[in-house]
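Student: Sharing a structure with you now.
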Amino acid sequence: MRRKKGPASSSDHEEPPESDSVIPETPETKRPSGSSLSTAISDSDSDSDSEISGSSMMPVRKLRPRKRKAASSADEYSVSDEEEEIVVKTKRRPTHSRTTRSTSQQAQPAHQKASETVTDIAHPSPLKTSGMAAADSVQQRRRQQMCGSSQESDSRKGGRVSAADDSEEEGQRSKDQERMLRKLQRKFPHLNKNELRDVLQEHDWLIDDALETLRMFSDLVVESEDDSSQTSTPAKHTRRVAETRPQAQVTKLSSPPKPKPSRPLDGTRTSQRIAKQPILAKYTYVSSEEECSDSEASVVNGLLDSDSDQSEETLSKLKTEILCFFQSASVDELTLIAGCSLKKAQKITELRPFKTWKDLDDAMRRRNGLSAELLAGCREVLKEREVVKGLMSKCEEISVKLIQDVTQVMDKGPGSMTQPEILSSTFQLKPYQLIGLNWLVLLHQNKLSGILADEMGLGKTIQAISFLAHLYQEGNHGPHLITVPASTLDNWVRELNLWCPSFKVLVYYGSADDRKYMRYEILNQIVEYNIIVSTYNLAIGNSSDRSLFCKLKLEYAVFDEGHLLKNMNSLRYRHLMAINAKYRLLLTGTPLQNNLLELMSLLNFIMPNMFSSSTSQIAKMFSMKSSEEQSSFERDRITHAKLIMKPFILRRVKSEVLKQLPAKEEQVEFCAMSERQQELYSALLHKLKHSSNGEKRELTNVMMQLRKMSNHPLLHRQFYTTEKLKAMSKLMLKEPSHRDADPALIKEDMEVLSDFELHRLCQQYSALHEYQLNTDVLLDSGKLSLLTQLLNSLKEKGDRVVLFSQFTMMLDILEVFLRHHKHRYNRLDGSTPMSDRIGLIDQFNTDQDIFVFLLSTRAGGLGINLTSANVVILHDIDCNPYNDKQAEGRCHRVGQTKTVKVIKLISKDSIEDTMLRIGERKLKLEQEMTATQDGEEDTLPDDMTTLLKASLGL
């Protein structure tokens, strides 16, 4: 009975620092004046403007921890990447030789150093070239680590830790890295997330070093903006550096030599970097409230303060836009400005109207909690809007091109759209599926990826297989990767073999040893294949799995149930993004689930080259919560989203393309809780509402406890009191397996179990048989009472039922209920072995005597065909209504011949009432996105916390 505690997670231990690490960089405040310029700008091997973009724009200085040594150690004097080779060679020399050389270098006149600078730029020494090459090789190795290539590190570890420990350690490390990344995002909101990640990686995820570099980078860009306004020759740049050098290096010969700065001060890299300052400047906007320097604020406010006394007609375009924004923006939009809290936003709305620029400027400087920095922050918001508008323009151009291509196809007549010849002649694509196939072909011809978002049951699997068959017929034999949920793996393999026998399909599935052998065969080209089929969990299961799909050169990566990629900040999203595929195709019946930002995450996944540079702007524009006060820009969000998604998403609903598909009827049954259940629910609600702050649990836990009680009382521990558990723990000593156990520990373990789990424990051990629950207690639930009448009525009509529940323990209780009423059933949940799932589905579809199919909503709601049933009962609804929609689609799909009835069981006057209302509001978002006519956007309060608190009275 007593559960043993497992070993401590390996994630609690960190890898020891590398022995050849570099001395930490000298803090800027302790450096001699004039040296910050040389340490602040990023290094680049090329002067080409085209190469300075994205992450290469950021400083790439690698700072690794080093143990501090005595001041006399020769190792402290040379730490730059270029001089690594010098450090290695001079470690064996006497200390005085290095001191003499260092002193002589410091004594050189400034003009001599300037001439050496020009010489080094034109003719870099072989030693420095090799150092730079070594630095490049280090950077290249680190880039490879992003693809999960950790086989070399695994071999060095030599089996000290198990694969499970590696996974736990990597998971903890990923969480720490995400935490550091979020911290940098808060401090530098104007920088791209991918750029911040690159900076952290280049500094070995040392956040202090990354922060210091980013601060210096931010200060330097402001200087570069000032410098770019003056026309200066390269010679002047060099002379300025040379003139500042004596201040940084003047040292008395009699005093001990000081350690060199962590970067070379010979002027070589400094001159190269200065030439690139204007390029860096154009990527920098206004800094956030936390990190905004005085120089940046003065630059922005200086621009805005000029001509502030003039009339509105003569204001610059920028001032006019800012004035309009502060005059018309909602509170939600005002909070998008860096440093503008909700309180400040409300204050701004109270001070309206702002008829002229002077009115706005005076309001910001009136010591009312506002500041002129908000005007500068407004520029950033306006620039973000411009980025989104530019993205929409690109998408609109693509749409026009695709429409022209579609028109040409339509002009050729319907006969031009035929299914590939290599598809099995036994099957025939439906007209709308042929349209989907041709849409995918057009995307491919334009070198675009896409999202096939047809409603559940319209045959997205078949359309994807047909498209891959078309590529095969055109000479593109792959390889392709199809990533699917575990519950649909067998179905995909079956459909591939049925529809296109020409494909050589490899199923990447099995234990760790099985997959290791398969990786060996794949990488050594021992096995032939066109398509690899795997699951989400195994495709990124461990570093070796991820490394395989980074090394393979895939043509297409197809992701079934693509809405699983809705969170661009998740670890799964990042790992799957690293798969080396030329194109990506997402299949999802529910592209819109909670908000527009999730849709943008899907678009960013399929077209990272187009969307990744605008990720932060898109996140701000589309993650804004709606409110009763809606501005014109906020009302246009759905219109903007439609324009952006139009070229990349094809969505058809059943009512449009399947006129012959039977109707779907939906009804909600409000079930009154049983007398005892109502008492327990009220007591639990009272306890949660009146608990002290120290005892009050998180809202999600409160919600879960109320959900369980509204479904069945036995999901809590109410019947088995503490006195009963004490008696039961003593009886357990009679069992041979627990004779030497401690009754107190047995009782402690029993206290965490629910009533139903304790009931099954009593069934398992003969000593506890007398404590089993009777049938009346097991079936004491309002929903089960209604279900008794409902199933009897459906059985008499000859209907067959698919019964869904969120909780596997509720499925256990439903099994007891079905056996009691003598109903035949099958059951499938997340614990069902993969090898058994397809057999259970086939058995239900062929054996008409099986009345009910029990399914868990998450495991059984994806990609399963159960058209032999015509009634769907949702015993308990999901917080996400689209998961319930997926479950409904198991029956209402191609092949259904009867009217499908969907019945939702809702416990009356419970938490489920609120969940139902939230779900209905979320579904309105999809209706707006798929509407053919524009209309006003309804209020979509997606703040579940507020609604739940209101319903609970908390």
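Quick reminder: no glycine exception, Cβ is built from N, Cα and C everywhere.
Got these off Swiss-Prot a minute ago, pasting:
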REGION    1-195  region 'Disordered'
COMPBIAS  33-43  compositional bias 'Low complexity'
COMPBIAS  61-70  compositional bias 'Basic residues'
COMPBIAS  89-99  compositional bias 'Basic residues'
COMPBIAS  170-181  compositional bias 'Basic and acidic residues'
DOMAIN    176-219  domain 'CUE'
REGION    223-273  region 'Disordered'
DOMAIN    441-609  domain 'Helicase ATP-binding'
BINDING   Asp454, Glu455, Met456, Gly457, Leu458, Gly459, Lys460, Thr461  ATP binding site
MOTIF     560-563  motif 'DEGH box'
DOMAIN    786-948  domain 'Helicase C-terminal'
Student: Over the domain 'Helicase ATP-binding' (441-609), what does the predicted model average in pLDDT?
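Tutor: In the predicted model, the domain 'Helicase ATP-binding' (441-609) has a mean pLDDT of 85.
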Student: Ten-angstrom check, please: count other Cβ atoms within 10 Å of the Cβ of Glu455 (ATP binding site), all chains counted.
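Tutor: If we count other Cβ atoms within 10 Å of Glu455 (ATP binding site), we arrive at 21.
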Student: Count the Cβ atoms, other than its own, that fall within 10 Å of the Cβ of Gly457 (ATP binding site), considering every protein chain shown.
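Tutor: Counting Cβ neighbours of Gly457 (ATP binding site) within 10 Å gives 22.
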Student: Show which residues of the chain containing Asp454 (ATP binding site), separated from it by at least 6 in sequence, have their CB under 8 Å from its CB.
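Tutor: Same-chain residues close to Asp454 (ATP binding site) (Cβ under 8 Å, separated by 6 or more) are Gly436, Lys460, Gln463, Gly589, Leu650, Arg651, Arg652, Val653.
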Student: Which three-state DSSP class does Met456 (ATP binding site) fall into?
Tutor: coil
Student: CB neighbours of Lys460 (ATP binding site) within 10 A?
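Tutor: If we count other Cβ atoms within 10 Å of Lys460 (ATP binding site), we arrive at 25.
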Student: Pick the one among the binding-site residues Leu458, Gly459, Thr461 whose Cβ has the fewest other Cβ atoms within 10 Å in this structure.
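Tutor: Lowest Cβ count within 10 Å among the binding-site residues (Leu458, Gly459, Thr461) is Gly459.
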Student: Under the DSSP assignment, what numbers of helix, strand and coil residues are found in the domain 'CUE' (176-219)?
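Tutor: Split by secondary structure, the domain 'CUE' (176-219) comes out as 35 helix, 0 strand, 9 coil.
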Student: Per DSSP, what is the helix/strand/coil residue tally across the motif 'DEGH box' (560-563)?
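Tutor: Within the motif 'DEGH box' (560-563) the tally stands at 2 helix, 1 strand, 1 coil.
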